[in-house]
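Accompanying notes for the structure given below.
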């Protein structure tokens, strides 16, 4: 058994000793950012992926002072601070090494097919030099070499521009770093640059400040922090000096670098700076995690290897053949150039890029902003989605979900746009409860929002108070008016010790001048303060039966993963508390017991209304959705069930144990079809156990997980050969976003670091947008197959003329430059047009493609394109070629082995089949005519090829011949380019085109019709005999 995966077992500053700072070995810390501290990068990455192992949260203040050689009152001396700054370096994050832009550009110049074209260009210039030396130089090879270089440079620039994406992850982390810090040094308070902070410094923070380093709190007063970017917790977290948890990420006496203090004040000792802070470690981890190659990049690389392999193989075979047939080496080199150009689809990679760009634009309109174009298809290949809960699956706002009063549970409306609540509001108990909810609340709407819908108004207050305020406003209206009429005279804010909030109000009833005390807080604490309970508007003694009803409701609501609050009130006797009475909240000169319990209210961050349907679509599409959250397991499970990540009929081990009333250990784990796994459980798992979990359970929720555990979950999924999509919004998500096959950041709630690490940004933070992206991704894969099949088909029609030219010695049927006009002229727009083709069937009802089995270019596609349709096109081209020559007097048989005489400049009396003599110029003109006719023949047949590529299985009549209008724009572009080349540029000798007789345009039409009929028969038999030999070998 391998050792257990320690998730983030990090040594503080590289050492686990707790010596005073003065006694530690400074050599270990000098130049902490130098390479000599990174002898093994893979080892360092593994260290980064381990759980934080600190003990500072366990130490007393005295031990802390001793460990760091500091004093809570006086702080460090300036001299010592200078020494530590020189030793540890500034409190900043080290930027990663960047690949120079010129290197990125040069990679585009030699990637893909470019290297073959460079070879072709080099051979052109070599041929020219040889000809020049032999005094027979022709500028044709110079022109061709220049054109090939131009093609490489232009496609390289295009690819560089289109594929450039943000890799500056560290820069976004740096934006989060606080600029100034209030520090105590030499017994004086000083404002210094945060970069100058050192371990042992004593710093003070207040509401609104960013914490300038990892600190251990030694004083706190009402301090709350926002840790959401690090831990995923959406609720403000209280901070105190108490050691409350073994895990340093969850204890209350540690504050983390770059998190925000929301309210209160605190003083702390700096325990980590710069790269050694939690955010520093995450930044290093994100930068150190290598971006995985996207599936489409792997497919294109695979395709390039196939085409390059075919080109090189044919080159070698025919070079040897040419030499064996006594051709000059120079001629053999020229053959090589032609075969390279004929084999390489020069415009294809640019076409793929444009196709991906068009899809990316479509997705942007559907709120998916694609940063990395290849991610467009990756999303369609996704087989596992690891999704955050807060903000992605949920609405990212606390909302009132249930109420309990009069011994009944009422369901509240949790939809995004609440306009009213449907539960019974006629009871007197509800009147009292609604008053407490309204008055015992410090949240307020920002002014000037009267015309804004209530649920979209901006509120000053925390998440829970905001939910209660909006709930009250929807039902009662004019909450601020109610508060004015019930003036607040005293208040005890909520704190973690009391666990309640209390306020005292004058009442608006002119006949009742008693003060009203309202209280809300933890239900069990509120119940302790009550002696009566309100039922149907009447106070009754709080007996055992009522208490039991309370506990039943409390457990039921808590079991739904909702945050439950209790509410009670007390009218103060007018004779003891007259209108002139001065309330003192410090001495508490008023009653805090014998209240009347009114009811319970529970809140939750509810699911988005579109998510359940989106999850259902994922399941139909064979995609496993895994929830990974930092939230509580009960809450996570409740949301997972409500959105369908855990199906209604599927049980976890805990559910089975509860149903059978037995211990969890007694349940056979294989009986459960769903699993809820906590971060602590994951920490104790070996990689093999994680693999087993991911394999055996289709429905999984990971709760209370750390960011590093999220990365390990992603790696576990990838070990299953899954293509993994990960959503995230916080700094903590950056490593997992970068490691995933496709990282998806939140556009609204997402941090800069998350957006930079991701490949895609959801502009509306909505999980349903991912499913839309999956559909687009699957469609683009299908359409790319069609595009490649279309592009490859003509390669055989371009290659065969050179092979016949070499073997049979015919006059050259088509020139190299003419081929480039096909690849980069007539075929570009039609290739792109296929990106607009609609799906043939419901692509969301099939399983994700297997990244090793379902290839973009498979054997069936290559055989059908090359050997079926490709050979038909070649035959059609030769039919036109021989027709042109026959009409001019050269029968096909007379052309065999005529090449040498045909190309000899000194022969000006070459006889045709009728005895007519041809000069060298006349023969050259006829050669250009034959080449132009061959070009037109390929173009005509490519029109048929374009139409049949609209579908792979359905008849084009089922798909709709005119459904994709862009196809017809592509066809029109082919004809227009051919007309311009033939009739517009036909007089330019270097281009080898001539003005073609009208009848030659129609010679290849029967072949085009044959191609269409043949393909319709192929599709018919595939539909008639699914699963047959024909289906397996003829469907690509």
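Glycine is no exception: its Cβ is also placed from the backbone N, Cα and C atoms.
Copied from Swiss-Prot, the annotated features are:
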REGION    1-50  region 'Disordered'
COMPBIAS  14-50  compositional bias 'Basic and acidic residues'
TRANSMEM  100-120  transmembrane segment
TOPO_DOM  121-143  topological domain 'Lumenal'
TRANSMEM  144-164  transmembrane segment
TRANSMEM  301-320  transmembrane segment
TOPO_DOM  321-332  topological domain 'Lumenal'
TRANSMEM  333-350  transmembrane segment
ACT_SITE  388  active site, 4-aspartylphosphate intermediate
BINDING   729, 733  Mg(2+) binding site
TRANSMEM  785-804  transmembrane segment
TOPO_DOM  805-814  topological domain 'Lumenal'
TRANSMEM  815-835  transmembrane segment
TRANSMEM  856-878  transmembrane segment
TOPO_DOM  879-930  topological domain 'Lumenal'
TRANSMEM  931-950  transmembrane segment
MOD_RES   955  phosphoserine
TRANSMEM  965-983  transmembrane segment
TOPO_DOM  984-998  topological domain 'Lumenal'
TRANSMEM  999-1019  transmembrane segment
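Feature annotations (Swiss-Prot) mapped to structure.
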residue	record	Cβ within 10 Å
388	active site, 4-aspartylphosphate intermediate	26
729	Mg(2+) binding site	29
733	Mg(2+) binding site	34
955	phosphoserine	14
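The stretch from 301-320, 785-804, 815-835, 856-878, 965-983 with the most CB pairs below 8 A to the transmembrane segment (999-1019) is 856-878.
Look at the topological domain 'Lumenal' (121-143): DSSP puts its residues at 17 helix, 0 strand, 6 coil. The transmembrane segment (144-164) is in contact with the transmembrane segment (100-120), judged by 3+ CB-CB distances under 8 Å for residue pairs 6 or more apart in sequence. Most Cβ pairs under 8 A with the transmembrane segment (965-983) among the ranges 333-350, 785-804, 815-835, 856-878 are made by 815-835.
Each residue contributes its Cα atom, and for residue 955 (phosphoserine) and the residue listed as 'active site, 4-aspartylphosphate intermediate' those atoms are 42 Å apart. Looking at which of 100-120, 301-320, 333-350, 785-804 has the most CB pairs under 8 Å to the transmembrane segment (815-835), the answer is the stretch 333-350. Here the topological domain 'Lumenal' (805-814) has a mean pLDDT of 91 out of 100.
A Cα-Cα distance of 9 Å separates residue 733 (Mg(2+) binding site) from residue 388 (active site, 4-aspartylphosphate intermediate). Under the DSSP three-state reduction, residue 733 (Mg(2+) binding site) is assigned to helix.
Spacing of the residue listed as 'active site, 4-aspartylphosphate intermediate' relative to residue 729 (Mg(2+) binding site) is 8 Å (Cα to Cα, whole number). With DSSP classes pooled into helix, strand and coil, the tally for the topological domain 'Lumenal' (321-332) is 8 helix, 0 strand, 4 coil.
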